[in-house]
Each structure stands twice: as C-alpha cells, then as structure tokens.
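Student: I am attaching a structure below and will ask some questions about it afterwards.
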Amino acid sequence: MEDYFVKLVLWGVISWTAAFLFIRKIFSNRSFEFSNRIVSTIHATLAVTLASISVEDWSCPVCPLASKSTTLQMQTMAVSLAYLIYDLVCCLFDYSQVNLDNTIHHLVSIVGLVAGLAYQKCGSEMMGTIWITEISSPFLHWRELLKELGYIDTGLNLTADILFAVIFTIARMIVGPCLTFVTLSVNNPFLIKAMAFGLQIVSAFWFYKIARMVSYKLSKWASKKAV
C-alpha cells in the first residue's frame, strides 16, 4: 500500500472522529449513538456517491473485472476504510452497539478494503461492494434516529423500516450474490474472494433478522389499527 493511501486512511480516521465530536457538541442533549448514526449517514451518502462516480461503464458497472484499481477507486476504499476503523472503535465506547455479527461485519469489511488497497486490484468489484453495502445504510440509521426523536411506533418509523428492508433485500440478497459470484469466478486474490464470501454470509444472516423484524412490525401495526 502506497504511503499516500496510508496517510489518507489516517487522516480519514481523524476526520471522521472530528466530525463525530463536532456533531456530538451540537446534539449534546442526544445520545452517543445518535451522533454516531449521523456520521454513519454522512459516510454512506459519500461512499455511494464516490462509488457511483468511479463507474467507468454503467452498462456493466463492475467492469473491467479483476483489473488494476484507479486512483479514485483507491481513494474511495481509503475513505471507507477510515470510517470503518473509526466506527469499530466508536462502537466499543457504546456497549449497546457491541454485538458479534456487527463486529464480524466490520472486521471482514476492513480486511477486504485493506486487501484491495494492498493489491491495488479489483477496484470495480470493490466499488460495487461499497455501493451495495452502503445504499441501505441511510435508511437503517434514519429508522433509529426517528426512534430517539420520539417517532417510535409511528407510520413514519414503519415507512423507514420497510424502505430499509426492501433496499437491503434488493441490494444484498439479489445484487449481492451476483457480485459475489463474479468476484469468486475471476482471477482475484484469494483474500479478497474470502472476504467477499464472508460478507455475503453476514448479509444473509442480517436478512433473516430483518425479515423477522419487519414481520413483527407489520403484525404490531395491524393489531394497532384493529383496536
């Protein structure tokens, strides 16, 4: 990994941390998690934007396969890697956010991005992965932010739940497996292939949990309307 990208990751960690402290100061009456979710929403929006800009041909968004990464793709990986390092450490300070599946997701993503930067290869697949994993994130954080703002068990909160579930399902359980198959099929480094497979397993587990959550929320909403 070139010194430039190492420095970019370090500055990224510092920048995400500074952003959190700034937002924490503004929303000092809100929880630790509230400020962190705002930072996470900013990252998701930025990551999806950068990944979209890096696409060379929208008729085949992940082409060329197994190719040398462009500078923009490497920069996008560095920005997301910095965020994931910040967020992993941040979660350790908020015990409500510490759970095994979330920690595994962070570690798999971090190792995958480090591998992408180190090999300087498969940038198109990496951008596709970032796009797929982050496109539903704003809706995930929106539903949690709404709860703290007092909109729990409301139509607005249910809408956020459903939007998150639908976008997550399309991205991670329809598009995701296709991207994983492509990544495993071409001449990519073994570590990147392993991380792609691991991330898909975590996504499948989360899909199961999300499906149960949505089923519960819809049943609860139906019961509320029937009263």
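A Cβ is built for glycine as well, from the same backbone N, Cα and C atoms used for every other residue.
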Student: Looking at 6-27, 94-115, which one does TrEMBL call transmembrane segment?
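Tutor: So the range that TrEMBL calls transmembrane segment is 6-27.
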Student: Please report, as numbers and ranges, the same-chain residues at least 6 past the borders of the transmembrane segment (6-27) whose CB is under 8 Å from any CB of it.
Tutor: 34-36, 38-39, 42-43, 75, 78-79, 81-83, 85-87, 90, 117
